[in-house]
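Enquirer: Got a structure here, written out as C-alpha coordinates. Questions coming.
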Amino acid sequence: MLAVGCTLLVALLAAPAVALVLGSCRALEVANGTVTSLPGATVTLICPGKEAAGNATIHWVYSGSQSREWTTTGNTLVLRAVQVNDTGHYLCFLDDHLVGTVPLLVDVPPEEPKLSCFRKNPLVNAFCEWHPSSTPSPTTKAVMFAKKINTTNGKSDFQVPCQYSQQLKSFSCEVEILEGDKVYHIVSLCVANSVGSRSSHNVVFQSLKMVQPDPPANLVVSAIPGXPRWLKVSWQDPESWDPSYYLLQFELRYRPVWSKXFTVWPLQVAQHQCVIHDALRGVKHVVQVRGKEEFDIGQWSKWSPEVTGTPWLAEPRTTPAGIPGNPTQVSVEDYDNHEDQYGSSTEATSVLAPVQGSSPIPLPTFLVAGGSLAFGLLLCVFIILRLKKKWKSQAEKESKTTSPPPYPLGPLKPTFLLVPLLTPSGSHNSSGTDNTGSHSCLGVRDPQCPNDNSNRDYLFPR
(Lines of atoms letter the chains of each structure in order from A and count residues from 1; the text may use other names and numbers.)
(Lines give C-alpha, C1' and ligand atoms only; values in the text may rest on other atoms or scores of the structure.)
Protein backbone atom coordinates (compact mmCIF):
# COMPACT_ATOMS: atom_id res chain seq x y z
CA MET A 1 0.00 0.00 0.00
CA LEU A 2 2.82 2.37 0.85
CA ALA A 3 4.54 1.56 -2.45
CA VAL A 4 1.36 2.42 -4.34
CA GLY A 5 1.08 5.75 -2.55
CA CYS A 6 4.70 6.64 -3.24
CA THR A 7 4.33 5.67 -6.90
CA LEU A 8 1.26 7.86 -7.22
CA LEU A 9 3.02 10.80 -5.59
CA VAL A 10 6.06 10.46 -7.85
CA ALA A 11 3.81 10.29 -10.89
CA LEU A 12 2.05 13.49 -9.89
CA LEU A 13 5.29 15.35 -9.27
CA ALA A 14 6.81 14.10 -12.52
CA ALA A 15 3.82 15.08 -14.61
CA PRO A 16 3.90 18.14 -16.93
CA ALA A 17 3.23 21.54 -15.47
CA VAL A 18 -0.26 21.63 -16.97
CA ALA A 19 -1.23 18.49 -15.10
CA LEU A 20 -0.15 20.05 -11.78
CA VAL A 21 -2.43 23.09 -12.13
CA LEU A 22 -4.87 22.63 -9.27
CA GLY A 23 -7.31 25.34 -10.33
CA SER A 24 -7.85 28.30 -12.59
CA CYS A 25 -6.38 31.44 -11.04
CA ARG A 26 -7.97 34.46 -12.76
CA ALA A 27 -8.38 38.15 -12.02
CA LEU A 28 -11.53 39.18 -10.20
CA GLU A 29 -14.48 40.39 -12.20
CA VAL A 30 -15.55 44.02 -11.84
CA ALA A 31 -18.93 45.67 -12.25
CA ASN A 32 -20.04 46.78 -15.68
CA GLY A 33 -18.81 50.21 -16.61
CA THR A 34 -15.92 50.18 -14.14
CA VAL A 35 -12.65 51.48 -15.52
CA THR A 36 -9.56 49.68 -14.21
CA SER A 37 -6.01 50.91 -14.38
CA LEU A 38 -2.53 50.39 -13.01
CA PRO A 39 -0.76 53.09 -11.00
CA GLY A 40 1.02 55.71 -13.13
CA ALA A 41 -1.12 55.19 -16.21
CA THR A 42 -3.20 57.77 -18.10
CA VAL A 43 -6.95 57.16 -17.91
CA THR A 44 -9.72 58.63 -20.07
CA LEU A 45 -13.21 58.80 -18.53
CA ILE A 46 -16.27 59.18 -20.78
CA CYS A 47 -19.51 60.64 -19.48
CA PRO A 48 -22.20 58.05 -20.33
CA GLY A 49 -25.13 60.40 -20.97
CA LYS A 50 -26.24 61.06 -24.54
CA GLU A 51 -26.83 64.71 -23.85
CA ALA A 52 -23.16 65.07 -22.95
CA ALA A 53 -22.10 64.28 -26.51
CA GLY A 54 -20.65 66.95 -28.71
CA ASN A 55 -18.93 70.08 -27.50
CA ALA A 56 -21.06 70.62 -24.43
CA THR A 57 -19.45 71.94 -21.30
CA ILE A 58 -19.32 69.14 -18.72
CA HIS A 59 -18.64 69.65 -15.06
CA TRP A 60 -16.88 66.71 -13.31
CA VAL A 61 -16.89 66.05 -9.57
CA TYR A 62 -14.81 63.40 -7.73
CA SER A 63 -16.80 61.76 -4.94
CA GLY A 64 -13.82 60.34 -3.09
CA SER A 65 -12.22 61.37 0.18
CA GLN A 66 -11.02 64.69 -1.28
CA SER A 67 -13.42 66.83 -3.25
CA ARG A 68 -12.06 67.67 -6.71
CA GLU A 69 -13.71 69.27 -9.73
CA TRP A 70 -12.95 69.66 -13.45
CA THR A 71 -14.62 71.43 -16.34
CA THR A 72 -14.18 69.99 -19.82
CA THR A 73 -15.44 70.69 -23.30
CA GLY A 74 -16.92 67.42 -24.42
CA ASN A 75 -17.77 64.28 -22.53
CA THR A 76 -14.23 63.05 -21.81
CA LEU A 77 -12.01 63.60 -18.78
CA VAL A 78 -8.30 62.71 -19.03
CA LEU A 79 -6.45 61.79 -15.80
CA ARG A 80 -2.68 61.48 -16.00
CA ALA A 81 -0.46 59.35 -13.71
CA VAL A 82 -3.32 58.03 -11.64
CA GLN A 83 -2.61 56.49 -8.24
CA VAL A 84 -4.45 54.14 -5.95
CA ASN A 85 -6.01 57.04 -4.06
CA ASP A 86 -7.67 58.15 -7.33
CA THR A 87 -10.01 55.17 -7.05
CA GLY A 88 -13.64 56.23 -6.71
CA HIS A 89 -16.71 57.50 -8.58
CA TYR A 90 -16.52 60.43 -10.99
CA LEU A 91 -19.81 62.34 -11.55
CA CYS A 92 -20.45 64.34 -14.70
CA PHE A 93 -22.97 67.25 -14.78
CA LEU A 94 -24.48 69.21 -17.62
CA ASP A 95 -26.09 72.50 -16.63
CA ASP A 96 -26.11 71.40 -12.99
CA HIS A 97 -27.92 68.24 -13.97
CA LEU A 98 -26.36 64.82 -13.20
CA VAL A 99 -25.76 63.04 -16.44
CA GLY A 100 -23.90 59.90 -15.28
CA THR A 101 -21.29 58.25 -13.02
CA VAL A 102 -17.99 56.63 -14.03
CA PRO A 103 -16.32 54.24 -11.47
CA LEU A 104 -12.51 54.15 -11.54
CA LEU A 105 -10.46 51.40 -9.91
CA VAL A 106 -6.70 51.86 -9.67
CA ASP A 107 -5.02 48.79 -8.23
CA VAL A 108 -1.64 47.06 -7.96
CA PRO A 109 -1.41 43.50 -9.29
CA PRO A 110 -0.59 40.97 -6.56
CA GLU A 111 2.90 39.65 -6.07
CA GLU A 112 3.71 35.97 -6.46
CA PRO A 113 2.75 34.23 -3.21
CA LYS A 114 5.16 31.95 -1.38
CA LEU A 115 3.09 29.39 0.46
CA SER A 116 4.28 27.55 3.58
CA CYS A 117 2.31 24.92 5.48
CA PHE A 118 2.69 23.66 9.03
CA ARG A 119 0.95 21.70 11.73
CA LYS A 120 1.76 22.65 15.32
CA ASN A 121 0.21 19.64 17.03
CA PRO A 122 -0.78 16.11 15.95
CA LEU A 123 -4.29 16.88 17.20
CA VAL A 124 -4.95 20.02 15.15
CA ASN A 125 -5.51 20.83 11.49
CA ALA A 126 -2.84 21.99 9.09
CA PHE A 127 -2.40 25.66 8.28
CA CYS A 128 -0.93 27.26 5.19
CA GLU A 129 0.02 30.93 5.13
CA TRP A 130 1.66 33.64 3.07
CA HIS A 131 3.19 36.90 4.28
CA PRO A 132 3.13 39.48 1.45
CA SER A 133 5.93 42.02 1.40
CA SER A 134 3.46 44.92 1.18
CA THR A 135 -0.10 45.42 2.32
CA PRO A 136 -2.47 44.13 -0.38
CA SER A 137 -5.31 46.24 -1.70
CA PRO A 138 -8.74 45.84 -0.10
CA THR A 139 -10.01 44.08 -3.22
CA THR A 140 -7.33 41.37 -3.13
CA LYS A 141 -8.67 37.90 -2.43
CA ALA A 142 -6.94 34.55 -1.87
CA VAL A 143 -8.07 30.96 -2.26
CA MET A 144 -6.14 27.71 -1.89
CA PHE A 145 -6.61 24.82 -4.30
CA ALA A 146 -5.86 21.40 -2.81
CA LYS A 147 -5.69 17.77 -3.85
CA LYS A 148 -5.88 15.02 -1.28
CA ILE A 149 -4.07 11.88 -2.39
CA ASN A 150 -5.71 8.84 -0.84
CA THR A 151 -4.33 5.40 -1.64
CA THR A 152 -7.76 3.80 -1.24
CA ASN A 153 -10.21 6.38 -2.55
CA GLY A 154 -8.06 7.98 -5.22
CA LYS A 155 -7.70 11.76 -5.11
CA SER A 156 -10.16 14.48 -4.23
CA ASP A 157 -10.01 18.17 -5.20
CA PHE A 158 -11.28 20.95 -3.00
CA GLN A 159 -10.84 24.66 -2.35
CA VAL A 160 -10.11 26.39 0.93
CA PRO A 161 -10.90 30.10 1.43
CA CYS A 162 -8.08 32.15 2.94
CA GLN A 163 -8.39 35.16 5.22
CA TYR A 164 -6.10 38.16 5.55
CA SER A 165 -5.11 39.21 9.08
CA GLN A 166 -4.30 42.88 9.57
CA GLN A 167 -2.55 42.01 12.82
CA LEU A 168 -0.35 39.22 11.43
CA LYS A 169 -0.05 40.78 7.95
CA SER A 170 -0.63 37.41 6.31
CA PHE A 171 -3.10 35.24 4.43
CA SER A 172 -3.90 31.97 6.21
CA CYS A 173 -5.82 28.87 5.12
CA GLU A 174 -6.87 25.88 7.26
CA VAL A 175 -6.82 22.31 5.93
CA GLU A 176 -8.82 19.77 7.91
CA ILE A 177 -6.78 16.70 8.92
CA LEU A 178 -7.91 13.84 11.14
CA GLU A 179 -5.70 12.53 13.94
CA GLY A 180 -3.38 9.80 12.69
CA ASP A 181 -4.07 10.65 9.06
CA LYS A 182 -1.03 9.88 6.89
CA VAL A 183 -2.29 10.99 3.48
CA TYR A 184 -0.45 13.37 1.18
CA HIS A 185 -1.75 16.78 0.12
CA ILE A 186 -0.82 19.00 -2.83
CA VAL A 187 -1.83 22.64 -2.35
CA SER A 188 -1.41 25.91 -4.26
CA LEU A 189 -2.41 29.47 -3.34
CA CYS A 190 -4.14 31.80 -5.81
CA VAL A 191 -4.10 35.55 -5.11
CA ALA A 192 -6.12 37.85 -7.35
CA ASN A 193 -7.61 41.33 -7.59
CA SER A 194 -9.30 43.36 -10.30
CA VAL A 195 -6.12 44.02 -12.28
CA GLY A 196 -4.33 40.66 -12.11
CA SER A 197 -3.72 37.32 -10.42
CA ARG A 198 -0.75 35.20 -9.35
CA SER A 199 -0.43 31.58 -8.25
CA SER A 200 2.15 30.00 -5.94
CA HIS A 201 4.22 26.91 -6.55
CA ASN A 202 2.71 23.61 -5.48
CA VAL A 203 3.43 22.47 -1.94
CA VAL A 204 3.36 18.76 -1.04
CA PHE A 205 3.12 17.58 2.56
CA GLN A 206 2.28 14.48 4.56
CA SER A 207 -0.06 14.90 7.49
CA LEU A 208 2.25 13.50 10.20
CA LYS A 209 5.64 14.49 8.84
CA MET A 210 4.64 18.15 8.70
CA VAL A 211 4.07 18.40 12.48
CA GLN A 212 6.33 21.16 13.80
CA PRO A 213 5.83 22.58 17.31
CA ASP A 214 6.28 26.22 18.16
CA PRO A 215 9.53 27.12 19.95
CA PRO A 216 9.58 26.56 23.74
CA ALA A 217 8.31 29.50 25.75
CA ASN A 218 9.39 31.42 28.86
CA LEU A 219 13.08 30.54 28.65
CA VAL A 220 14.92 31.70 31.80
CA VAL A 221 18.68 31.55 32.44
CA SER A 222 19.90 32.22 36.00
CA ALA A 223 23.06 31.84 38.06
CA ILE A 224 23.42 29.36 40.94
CA PRO A 225 24.89 30.93 44.12
CA GLY A 226 28.27 29.47 44.99
CA UNK A 227 28.82 27.89 41.54
CA PRO A 228 31.04 30.10 39.37
CA ARG A 229 30.66 27.82 36.30
CA TRP A 230 27.00 26.79 36.57
CA LEU A 231 23.90 28.17 34.85
CA LYS A 232 20.35 27.03 35.55
CA VAL A 233 18.04 26.96 32.51
CA SER A 234 14.25 26.48 32.60
CA TRP A 235 11.49 26.72 29.99
CA GLN A 236 7.89 25.70 29.26
CA ASP A 237 5.94 24.01 26.47
CA PRO A 238 4.52 26.39 23.85
CA GLU A 239 0.88 27.33 24.27
CA SER A 240 -0.03 25.63 20.99
CA TRP A 241 1.15 22.21 22.25
CA ASP A 242 -1.16 19.95 24.26
CA PRO A 243 0.93 17.70 26.55
CA SER A 244 -2.05 15.58 27.57
CA TYR A 245 -1.47 13.03 24.79
CA TYR A 246 1.87 13.94 23.22
CA LEU A 247 5.06 15.00 25.00
CA LEU A 248 8.03 16.94 23.71
CA GLN A 249 11.72 16.17 23.69
CA PHE A 250 14.15 19.07 23.75
CA GLU A 251 17.60 20.15 22.68
CA LEU A 252 19.56 22.94 24.36
CA ARG A 253 22.42 24.88 22.89
CA TYR A 254 24.63 27.57 24.42
CA ARG A 255 27.76 29.58 23.69
CA PRO A 256 29.73 32.52 25.08
CA VAL A 257 28.59 35.81 23.57
CA TRP A 258 31.91 36.22 21.77
CA SER A 259 31.80 32.75 20.19
CA LYS A 260 29.91 31.60 17.09
CA UNK A 261 30.05 27.84 17.83
CA PHE A 262 27.30 26.31 19.96
CA THR A 263 27.48 23.38 22.34
CA VAL A 264 24.34 21.21 21.91
CA TRP A 265 22.78 18.93 24.54
CA PRO A 266 20.03 16.35 23.95
CA LEU A 267 17.65 16.34 26.91
CA GLN A 268 15.22 13.80 28.30
CA VAL A 269 11.56 13.72 27.32
CA ALA A 270 9.38 16.12 29.32
CA GLN A 271 12.47 17.69 30.92
CA HIS A 272 11.93 21.42 31.38
CA GLN A 273 15.06 22.49 33.23
CA CYS A 274 18.72 21.62 33.43
CA VAL A 275 22.05 22.90 34.77
CA ILE A 276 25.02 23.83 32.60
CA HIS A 277 28.18 22.75 34.44
CA ASP A 278 30.92 24.05 32.15
CA ALA A 279 30.10 27.70 31.63
CA LEU A 280 33.03 30.13 31.60
CA ARG A 281 33.61 32.12 34.76
CA GLY A 282 32.30 35.67 34.60
CA VAL A 283 31.31 35.37 30.89
CA LYS A 284 27.84 36.08 29.53
CA HIS A 285 26.37 33.11 27.63
CA VAL A 286 23.65 32.83 24.98
CA VAL A 287 21.14 29.98 25.51
CA GLN A 288 18.41 28.60 23.21
CA VAL A 289 16.02 25.60 23.31
CA ARG A 290 13.98 23.77 20.66
CA GLY A 291 11.46 20.93 20.81
CA LYS A 292 10.16 17.94 18.86
CA GLU A 293 7.50 15.28 19.39
CA GLU A 294 8.78 12.57 21.75
CA PHE A 295 8.61 9.76 19.15
CA ASP A 296 10.29 11.85 16.42
CA ILE A 297 7.02 12.61 14.65
CA GLY A 298 7.45 15.61 12.42
CA GLN A 299 10.21 18.18 12.60
CA TRP A 300 12.19 20.13 15.17
CA SER A 301 10.76 23.48 16.11
CA LYS A 302 12.67 26.64 15.46
CA TRP A 303 15.14 27.70 18.15
CA SER A 304 13.65 29.85 20.86
CA PRO A 305 14.68 33.52 21.06
CA GLU A 306 18.15 34.01 22.52
CA VAL A 307 18.38 34.54 26.27
CA THR A 308 21.62 35.53 28.00
CA GLY A 309 22.93 34.73 31.47
CA THR A 310 26.16 35.04 33.46
CA PRO A 311 27.39 32.51 36.08
CA TRP A 312 27.55 33.50 39.74
CA LEU A 313 30.31 35.91 40.75
CA ALA A 314 31.77 35.98 44.24
CA GLU A 315 31.29 39.24 46.12
CA PRO A 316 34.43 41.41 46.26
CA ARG A 317 36.58 40.83 49.31
CA THR A 318 37.95 43.98 50.97
CA THR A 319 41.63 43.78 51.91
CA PRO A 320 43.02 45.57 55.01
CA ALA A 321 44.21 48.36 52.72
CA GLY A 322 40.64 48.85 51.48
CA ILE A 323 41.27 47.40 48.01
CA PRO A 324 38.52 45.00 46.84
CA GLY A 325 39.70 41.53 45.89
CA ASN A 326 39.08 39.67 42.66
CA PRO A 327 35.31 38.98 42.47
CA THR A 328 35.72 35.96 40.20
CA GLN A 329 38.26 34.13 42.35
CA VAL A 330 36.72 31.17 44.16
CA SER A 331 38.58 28.58 46.17
CA VAL A 332 38.73 25.05 44.84
CA GLU A 333 37.42 23.64 48.11
CA ASP A 334 34.30 25.82 47.98
CA TYR A 335 33.66 24.79 44.37
CA ASP A 336 34.12 21.08 45.16
CA ASN A 337 31.84 21.34 48.18
CA HIS A 338 29.18 22.99 46.06
CA GLU A 339 29.48 20.27 43.42
CA ASP A 340 28.99 17.65 46.13
CA GLN A 341 25.96 19.54 47.40
CA TYR A 342 24.28 19.85 43.97
CA GLY A 343 25.72 16.68 42.43
CA SER A 344 22.69 14.53 43.29
CA SER A 345 20.14 16.67 41.47
CA THR A 346 16.55 15.71 40.85
CA GLU A 347 15.37 14.02 37.70
CA ALA A 348 14.24 17.32 36.22
CA THR A 349 17.64 18.93 36.72
CA SER A 350 19.82 15.97 35.79
CA VAL A 351 22.45 17.05 33.28
CA LEU A 352 23.49 14.87 30.37
CA ALA A 353 26.92 14.86 28.83
CA PRO A 354 27.21 17.41 26.03
CA VAL A 355 27.06 16.09 22.47
CA GLN A 356 29.86 18.33 21.31
CA GLY A 357 33.15 18.80 23.12
CA SER A 358 32.61 21.31 25.90
CA SER A 359 36.08 21.11 27.51
CA PRO A 360 37.96 24.40 27.21
CA ILE A 361 41.32 22.48 27.18
CA PRO A 362 42.56 21.76 23.63
CA LEU A 363 43.21 18.14 22.76
CA PRO A 364 46.98 18.54 22.07
CA THR A 365 47.47 20.23 25.45
CA PHE A 366 45.55 17.44 27.15
CA LEU A 367 47.65 14.74 25.43
CA VAL A 368 50.95 16.46 26.31
CA ALA A 369 49.89 16.88 29.94
CA GLY A 370 48.74 13.26 30.16
CA GLY A 371 51.96 11.95 28.60
CA SER A 372 54.10 14.04 30.96
CA LEU A 373 52.17 12.78 33.96
CA ALA A 374 52.53 9.14 32.87
CA PHE A 375 56.29 9.57 32.26
CA GLY A 376 56.71 11.15 35.70
CA LEU A 377 54.88 8.28 37.39
CA LEU A 378 57.03 5.67 35.61
CA LEU A 379 60.21 7.54 36.56
CA CYS A 380 59.17 7.68 40.22
CA VAL A 381 58.41 3.94 40.24
CA PHE A 382 61.82 3.17 38.66
CA ILE A 383 63.70 5.31 41.22
CA ILE A 384 61.84 3.72 44.14
CA LEU A 385 62.64 0.19 42.90
CA ARG A 386 66.36 1.04 42.49
CA LEU A 387 66.58 2.57 45.95
CA LYS A 388 64.74 -0.38 47.47
CA LYS A 389 67.16 -2.86 45.86
CA LYS A 390 70.18 -0.84 47.02
CA TRP A 391 68.88 -0.61 50.58
CA LYS A 392 68.24 -4.37 50.65
CA SER A 393 71.78 -5.29 49.51
CA GLN A 394 73.34 -2.88 52.02
CA ALA A 395 71.28 -4.34 54.86
CA GLU A 396 72.38 -7.88 53.99
CA LYS A 397 76.06 -6.84 53.97
CA GLU A 398 75.79 -5.22 57.42
CA SER A 399 74.09 -8.29 58.89
CA LYS A 400 76.97 -10.55 57.68
CA THR A 401 79.69 -8.42 59.33
CA THR A 402 78.03 -8.10 62.76
CA SER A 403 76.80 -11.66 63.44
CA PRO A 404 79.27 -14.52 64.39
CA PRO A 405 79.76 -17.23 61.81
CA PRO A 406 77.67 -20.34 62.40
CA TYR A 407 80.60 -22.65 61.62
CA PRO A 408 84.47 -22.46 62.04
CA LEU A 409 86.23 -20.65 59.31
CA GLY A 410 89.09 -23.19 59.13
CA PRO A 411 90.04 -26.76 60.22
CA LEU A 412 90.48 -27.30 63.94
CA LYS A 413 93.99 -28.11 65.19
CA PRO A 414 94.22 -30.56 68.14
CA THR A 415 95.92 -29.32 71.35
CA PHE A 416 98.55 -31.66 72.75
CA LEU A 417 99.24 -31.73 76.54
CA LEU A 418 102.10 -33.51 78.29
CA VAL A 419 100.52 -35.23 81.28
CA PRO A 420 102.69 -37.51 83.51
CA LEU A 421 101.14 -40.82 84.21
CA LEU A 422 102.70 -41.18 87.73
CA THR A 423 102.34 -38.82 90.62
CA PRO A 424 105.60 -37.74 92.28
CA SER A 425 106.32 -39.03 95.74
CA GLY A 426 105.17 -36.96 98.64
CA SER A 427 102.58 -35.22 96.62
CA HIS A 428 99.86 -37.53 97.67
CA ASN A 429 100.55 -37.21 101.37
CA SER A 430 101.16 -33.52 101.37
CA SER A 431 97.63 -32.83 100.35
CA GLY A 432 96.58 -33.10 104.04
CA THR A 433 93.61 -34.69 105.61
CA ASP A 434 91.16 -31.99 104.65
CA ASN A 435 90.71 -31.87 100.87
CA THR A 436 87.94 -29.34 101.01
CA GLY A 437 90.13 -26.56 102.22
CA SER A 438 93.02 -27.21 99.81
CA HIS A 439 93.12 -26.57 96.07
CA SER A 440 91.49 -29.42 94.13
CA CYS A 441 93.40 -30.36 90.95
CA LEU A 442 90.89 -32.20 88.87
CA GLY A 443 91.26 -30.25 85.65
CA VAL A 444 94.04 -31.31 83.35
CA ARG A 445 94.65 -27.77 82.07
CA ASP A 446 95.28 -26.24 85.51
CA PRO A 447 98.92 -25.14 85.72
CA GLN A 448 99.00 -25.80 89.46
CA CYS A 449 98.27 -29.49 88.90
CA PRO A 450 101.18 -30.98 86.96
CA ASN A 451 100.09 -34.55 87.77
CA ASP A 452 96.75 -36.20 87.11
CA ASN A 453 95.91 -39.17 89.34
CA SER A 454 92.38 -39.63 88.15
CA ASN A 455 93.30 -42.74 86.14
CA ARG A 456 95.55 -44.47 88.64
CA ASP A 457 93.18 -47.38 88.89
CA TYR A 458 94.16 -48.23 85.35
CA LEU A 459 97.81 -48.62 86.31
CA PHE A 460 97.31 -50.07 89.77
CA PRO A 461 94.45 -52.47 89.78
CA ARG A 462 93.02 -53.32 93.14
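Backbone N, Cα and C define each Cβ position, glycine as well.
From Swiss-Prot, for reference:
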- 1-19: signal peptide (SIGNAL)
- 20-108: domain 'Ig-like C2-type' (DOMAIN)
- 20-364: topological domain 'Extracellular' (TOPO_DOM)
- Cys25-Cys190: disulfide bond (DISULFID)
- Asn32: N-linked glycosylation site (CARBOHYD)
- Cys47-Cys92: disulfide bond (DISULFID)
- Asn55: N-linked glycosylation site (CARBOHYD)
- Asn85: N-linked glycosylation site (CARBOHYD)
- Cys117-Cys128: disulfide bond (DISULFID)
- Asn150: N-linked glycosylation site (CARBOHYD)
- Cys162-Cys173: disulfide bond (DISULFID)
- Asn218: N-linked glycosylation site (CARBOHYD)
- 300-304: motif 'WSXWS motif' (MOTIF)
- 365-385: transmembrane segment (TRANSMEM)
- 386-462: topological domain 'Cytoplasmic' (TOPO_DOM)
- 423-462: region 'Disordered' (REGION)
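How buried are the listed features, and what sits near them?
Expert: On its own chain, Cys190 (disulfide bond) has Gly23, Cys25, Ala142, Val143, Met144, Phe145, Ser197, Arg198, Ser199, Ser200 as residues at least 6 apart in sequence with a Cβ closer than 8 Å to its own Cβ.
Taking Cβ-Cβ distances under 8 Å and a sequence gap of 6 or more within the same chain, Asn32 (N-linked glycosylation site) has no neighbours at all. DSSP assigns Asn32 (N-linked glycosylation site) to coil in the three-state reduction, outside any helix or strand.
According to DSSP, Cys92 (disulfide bond) is assigned to a strand segment. Within its own chain, Cys92 (disulfide bond) has Cys47, Pro48, Gly49, Ala52, Ile58, His59, Trp60, Asn75, Leu77, Leu98, Val99, Gly100, Thr101, Val102 as residues 6 or more apart in sequence whose C-beta sits under 8 angstroms from its own.
Secondary structure from DSSP puts Asn55 (N-linked glycosylation site) in coil.
For Asn85 (N-linked glycosylation site), other Cβ atoms within 10 Å of its Cβ number 11.
Around Cys128 (disulfide bond), a 10 Å sphere centred on its CB holds 24 further CB atoms from the protein chains shown.
In the structure as shown, the Cβ atom of Asn150 (N-linked glycosylation site) sits within 10 Å of 14 other Cβ atoms. In the three-state DSSP scheme, Asn150 (N-linked glycosylation site) is classed as strand.
Listed in sequence order, Cys128, Ala142, Val143, Met144, Phe171, Ser172, Cys173, Leu189 are the same-chain residues at least 6 apart in sequence whose CB falls under 8 Å from the CB of Cys162 (disulfide bond). Under DSSP, Cys162 (disulfide bond) is assigned to coil, being neither helix nor strand in the three-state scheme.
Within the same chain, residues at least six positions away from Asn218 (N-linked glycosylation site) with a Cβ under 8 Å of its Cβ are Ser234, Trp235, Gln236. In the three-state DSSP scheme, Asn218 (N-linked glycosylation site) falls into the strand class.
Residues 212-217, 219, 235, 238, 251, 253, 288-292 of the same chain lie 6 or more positions beyond the ends of the motif 'WSXWS motif' (300-304) yet place their CB under 8 Å from a CB of it.
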Enquirer: Which state, by DSSP, holds Asn85 (N-linked glycosylation site): helix, strand or coil?
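Expert: SS state of Asn85 (N-linked glycosylation site) = helix.
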Enquirer: Between 0 and 100, where does the mean pLDDT of the motif 'WSXWS motif' (300-304) sit?
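Expert: Mean model confidence (pLDDT) across the motif 'WSXWS motif' (300-304) is 96.
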Enquirer: Specify the count of other C-beta atoms within 10 Å of the C-beta of Cys47 (disulfide bond).
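Expert: That number is 26.
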Enquirer: In DSSP terms, helix, strand or coil for Cys47 (disulfide bond)?
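Expert: Looking at the DSSP assignment, Cys47 (disulfide bond) belongs to neither helix nor strand, so coil.
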Enquirer: What is the nearest of the recorded positions Asn55, Cys117, Asn150 to Asn85 (N-linked glycosylation site), using the Cα of each?
Expert: Asn55
Enquirer: With the cut-off set at 10 Å between Cβ atoms, which of these disulfide-bonded residues ends up with the most neighbours? Options: Cys25, Cys117, Cys173.
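Expert: That would be Cys173, with the most Cβ atoms nearby.
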Enquirer: State the Cα to Cα distance, in Å, between Asn55 (N-linked glycosylation site) and Asn150 (N-linked glycosylation site), rounded to an integer.
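Expert: Cα to Cα, Asn55 (N-linked glycosylation site) and Asn150 (N-linked glycosylation site) are separated by 68 Å.
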Enquirer: Roughly how many angstrom lie between the C-alpha atoms of Cys117 (disulfide bond) and Asn150 (N-linked glycosylation site)?
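Expert: Roughly 19 Å, rounded to the nearest whole number.
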